[in-house]
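According to Swiss-Prot, the feature (6S)-5-formyl-5,6,7,8-tetrahydrofolate binding site maps to ARG29, GLU91, LYS132, LYS461. Per Swiss-Prot, GTP binding site is recorded for 237-242, 256-262, 281-284, and the stated evidence type is sequence analysis. The K(+) binding site annotation in Swiss-Prot covers ASN237, THR256, ILE258, THR261. The Mg(2+) binding site annotation in Swiss-Prot covers SER241, THR262 and is backed by sequence analysis. Residues annotated as domain 'TrmE-type G' in Swiss-Prot: 227-384.
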Amino acid sequence: MESIVDTEDTIAAIASAISLGKGGIAVIRVTGEEAINSCKNIVETKSKYAWESHRVFHGYVKDNLENKYIDEILISVMHSPNSFTGEDVVELHCHGGVIVVNKVMDTLLSNNNKVRIANPGEFSQRAFLNGKIDLTQAESINQLINAKNLKSAEIAFNGVKGEIKKKIDVIKNDLIEQLSEIEARVDFEEDFSDFNYHDFSRSIKNIKEKIEILIENTKRGASIHNGISIALIGKTNVGKSSLLNLLSKKEKAIVTNIPGTTRDMIEVNLTIKDIPIKLVDTAGIRDTDEYIENIGIEKTFEMIQKSDYIIYLYSLEDGFNKDDEEIISKIPREKLITILGNKKDLIDSKKNDQKTFSSDIVLMSIKNNEGEKDLVDKIVKKCGSKEFENIDIFLNERQISNLRDCLKNLNDTDPIIANQLPFDLLSIEVRDGIKNLSRITGQELTEDLLNNIFSKFCIGK
């Protein structure tokens, strides 16, 4: 597509993660018209493959201003247009210590006045502007980088492969077919029989159903991307923090016998039997005059409303009492909920509260790791992976907004059809619907919107 932002500069960025300060290898990526020449200025090599496209060769980085060698590296080169960005691209593979990679980066910039540091997402932005990827692929790359679990990464990669665009194009082509029919009739009305509003309505209804399915699947897909939110709820000292540590296999929460230890929510992302979970430990609910603890309890009740699934813990030693009943009464009926009786080890095995409930109770001794399998089986049954079997793409808020705008355009054809108004009025709504679908893949964009989208990417991508 025609460039609507400046792509003339040669840009560079550290493309690998070095946040821990060390690593075996770090990669500096350079793209643009001066990418190869700028790297030639700081690289000494004797390789016979030097600077050939799609070759990797050995060399040394030299700071010519200080006349010092900086690092021993490997260099990979991709000539335009056969690169990620569609421009000349050079990648410098240097040693991964943060000091070394920053010095190599500084050397590249200081020895070349035609190279600048890339903005966030600028490499992907250039790939999009140069027609190497569509906008949904670019956004899927960002989702893949930020995936919190394996299933989310798999779905994001489907977007990278172009699966989102394929689904949008199917809907768009259906609308283009309807628009072509209308506009042909407008231009050559005498060559056609009367317009069949019923057939048109049926076609539009089928298209709307496809859009609604995409939107509905994305709601479920959001649970994969973010993790099904499971809130651990209960009074103080019933084992919520211990359960979080047990399921996450890490000491994420402080566990004491002092009531009210957890003042704020602790979140852990994990996967249980291929199901992505966001487990949230909340402040124990009790009457207290402690100001900060009360804030935590307020957040607990907010989490009850926001979560997908609630595990309510109580102490088998104390029994299920009116306080527990009162708390559970505040949980919306539509919420998935499992009752967990903890401290099984402290009671007579013949006397338990299992008969108190018709179903959905799990008895555990979290301290002794008894009953974990029963709880996991319950979670899998409630949130089973079958819920996600048909989810193969994930749409972000921008894409969903464009889909809803398209759906509104199609809904606005209903009164035109119902009143059999001049059929050329339908073309306005159908054409606007096509434009909204085109915005999803990037054919209809403003510079400000484009910059906003890519500003959310990491630097170097």
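Placement of Cβ uses the backbone N, Cα and C atoms for every residue, glycine included.
Owing to the predicted nature of the structure, the values given are computational and were not obtained by experimental measurement.
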Going by C-alpha distance, which of the binding-site residues ASN237, SER241, ALA283 is nearest to ARG29 ((6S)-5-formyl-5,6,7,8-tetrahydrofolate binding site)?
SER241
Which of the three DSSP states, helix, strand or coil, fits LYS240 (GTP binding site)?
helix
Could you check which of these binding-site residues, GLU91, LYS132, SER241, sit within 10 Å of ALA283 (GTP binding site), going Cα to Cα?
SER241
I'd like to confirm something. Which of the binding-site residues, ASN237, LYS240, SER241, has a Cα closest to the Cα of GLU91 ((6S)-5-formyl-5,6,7,8-tetrahydrofolate binding site)?
SER241
Within the domain 'TrmE-type G' (227-384), what mean pLDDT does the predicted structure show?
79
Would you count the other C-beta atoms found within 10 angstroms of the C-beta of ARG29 ((6S)-5-formyl-5,6,7,8-tetrahydrofolate binding site) for me?
22
Spatial neighbours, same chain, of LYS132 ((6S)-5-formyl-5,6,7,8-tetrahydrofolate binding site) - Cβ under 8 Å, 6+ residues apart:
PRO81, SER83, PHE84, THR85, GLY86
